[in-house]
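Pulled from Swiss-Prot, these are the features on record:
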type     : residues    : note
DISULFID : CYS12-CYS63 : disulfide bond
DISULFID : CYS22-CYS46 : disulfide bond
DISULFID : CYS26-CYS48 : disulfide bond
DOMAIN   : 2-64        : domain 'LCN-type CS-alpha/beta'
Amino acid sequence: VRDAYIAQNYNCVYACARDAYCNDLCTKNGARSGLFATFGPHGDACWCIALPNNVPLKVQGKCHRK
């Protein structure tokens, strides 16, 4: 498990503006909890605590939306 920004497809973070949204998103994906990281290196995005290894996370590089 690891603490990280949870990622969507194509290395894109989940943008948000509320801790409740991030906590729900992270726990539904198996994390212990989640929070809204404001003004982070990837903008306002969800940060998960104890995210399982099988869930994608934001890695270095750009978001590549189709």
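From the backbone N, Cα and C atoms, a Cβ is placed for every residue, glycine too.
A map of Swiss-Prot features onto the structure.
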residue: CYS12; record: disulfide bond; CB count, 10 Å: 17
residue: CYS22; record: disulfide bond; CB count, 10 Å: 25
residue: CYS26; record: disulfide bond; CB count, 10 Å: 24
residue: CYS46; record: disulfide bond; CB count, 10 Å: 29
residue: CYS48; record: disulfide bond; CB count, 10 Å: 28
residue: CYS63; record: disulfide bond; CB count, 10 Å: 13
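It is 15 Å from the Cα atom of CYS63 (disulfide bond) to that of CYS46 (disulfide bond). Taken residue by residue with DSSP, CYS46 (disulfide bond) is part of a strand. In three-state terms derived from DSSP, CYS22 (disulfide bond) belongs to a helical segment. If you measure from the Cα atom of CYS26 (disulfide bond) to that of CYS46 (disulfide bond), you get 8 Å.
Mean pLDDT, taken over the domain 'LCN-type CS-alpha/beta' (2-64), works out to 92 on the 0 to 100 scale.
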